[in-house]
Amino acid sequence: MANSIEKEIGRRRTFAIISHPDAGKTTLTEKFLLYGGAINTAGSVKGKANTKHAVSDWMEIEKERGISVTSSVLQFEYNDYCINILDTPGHEDFSEDTYRTLMAADCAVMVIDASKGVEAQTIKLFKVCVMRHIPIFTFINKMDREAKDTFELLDNIEKVLGIDTCPVNWPIGCGKEFKGVYERNSREILGFEAVSTGGSKEAKETVVSIDDGQAEQMIGEDFYENLMEEIELLDGASQPLDMEKVQKGELSPVFFGSALTNFGVQPFLEHFLKMTTAPLPRISKGTEIAPSGNDFSAFVFKIQANMNKNHRDRIAFMRICSGKFEANMEVKHVQSKKKMRLSQPQQIMAQERKIVDEAYAGDIIGVFDPGIFSIGDTVCMPKDDFEYEGIPTFAPEHFARVIQLDSMKRKQFVKGVEQIAQEGAIQIFQEHQAGFAEIIVGVVGTLQFDVLKYRLENEYNCEIRLEPLPYQAIRWIKDVKTDMGKLKGVAEVKKVRDMRGNPLLLFKNEWGIQFVLDRNDGLELVEFSKE
Ligand code: G4P
């Protein structure tokens, strides 16, 4: 019994895919599912306007815009592995959920567009991965299009993200002249064959050793010569593939390919699965809790409201940290000390939500939330007393004043705003020395403003107007007893309090932070709230 649990946990891999919108994250995810046999045709995961909708398009607003606002989890089998992919919103207006999802992953795959290099959103998501010291694997996509010079791309990743790189394979040509990739370890060339179906079928790859006379014939004399030169340069200059550094997130193995045409996807998946580990221990009260050998425990990393509008349900997404979950088992919600049964546990299997009877450490389950869960909460067996480390509150970057249009609906308004904030979709602040009359909302991505407006109107029957505020940075005042009235140099700064009454300052730009610090001796400002 214990052995079978260990075996199940050992074959699990749980990772997030991060990228800037349009780099090809959805296409790559889809190809993984295709290779795993979870879907038969590519093009069925993501649906843009007027086409089939993506698996994760739960909310109406997503359907209307044809984008994915929420993050979803996909599970599929590949060879003997059970893979959990944590998908993150691909749109520019991503939210705090995207950050939180990274808390549930054991490693990340970073997709980069070969013609663009590292882009803004990748940098933000990368910072969260670095904070967690998780391994980061790079897939440089769209090699079938014109690409930047390969050495330049690697240099760009190293300089902008501050992580060392080690190419596991190396591209030969790009765009119309894309010939394939050279696998450094096996010294083989995987020849690229364009597939006319847009990549809906698995790719066929011709494999030839670089030392075989056929290799030069296959890619052409010029490309062959160039490749030999590049390999020499690379072998002399690049870092060795030090797996210890990879595990710490200090060195990123790099792969090249073209997700659209399937090229390089399977080799990437195979390398990736070999290089990654089964779920790692998580910290509870300063102690490591091993995934095997302990009973079920999990933490909540995301709360999703109204996935089914008719039922007005709330789903709490949990990452299982240890042991085996069985439907209807009695568990303890640590924060409230209440015993409960997790009802309607579900998983997203490629294209459908299904009720699960069992799940293991590394898996993500969504359970019905009767309104007791908060982000970061721990659930474990009644006999245990685990408490996993909380999830930081990420500093919002956009702010607006919320104006309620119908003052008669005060109660619904307050309830709605508070509930949505509790789910973690928005952060709310009150003007210093003002009542609840003046609410300021802070979000990580501006789409959350639309989500707030939409949900208040549709779920709470409250019309609101949002007045954008010109602030871009927020800092918590470390000493909560600080008298905000006595701060100097704050003419341009807004003083607010969060829902727990903690004092904060809103700044128009990063420069303003230093300005205030320079004028107030002993003032300490922090970027993350400790909960
Ligand atoms: P995202 O999730 O990171 O936002 O990117 P997504 O996979 O949706 O890809 C963005 C666009 O880039 C899509 O084209 C997709 O077909 C294309 N793409 C992805 N991978 C590759 C690749 O390897 N090579 C080439 N040439 N294109 C690629 P679109 O026209 O915006 O959408 P669609 O109509 O094809 O769905």
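Don't overthink the numbers, they just go from 1 along the chain as shown.
Yeah, the Cβs are placed from backbone N, Cα and C, and that goes for glycine too.
Unlike curated records, TrEMBL annotations are generated automatically.
Predicted-model confidence for the domain 'Tr-type G' (10-280) is 83, expressed as mean pLDDT. Summarising the annotation, TrEMBL assigns domain 'Tr-type G' to 10-280.
Here TrEMBL flags 19-26, 87-91, 141-144 as GTP binding site. In the three-state DSSP scheme, MET143 (GTP binding site) falls into the coil class. In the structure as shown, the Cβ atom of MET143 (GTP binding site) sits within 10 Å of 28 other Cβ atoms.
Every protein chain shown contributes to the tally, and the Cβ of LYS25 (GTP binding site) ends up with 25 other Cβ atoms within 10 Å.
Remark: of the binding-site residues SER19, ASP22, THR88, the most isolated position is ASP22 (fewest other Cβ atoms within 10 Å of its Cβ).
With a CB cut-off of under 6 A applied against ligand 1, the binding-site residues ASP22, THR88, MET143 are reduced to ASP22.
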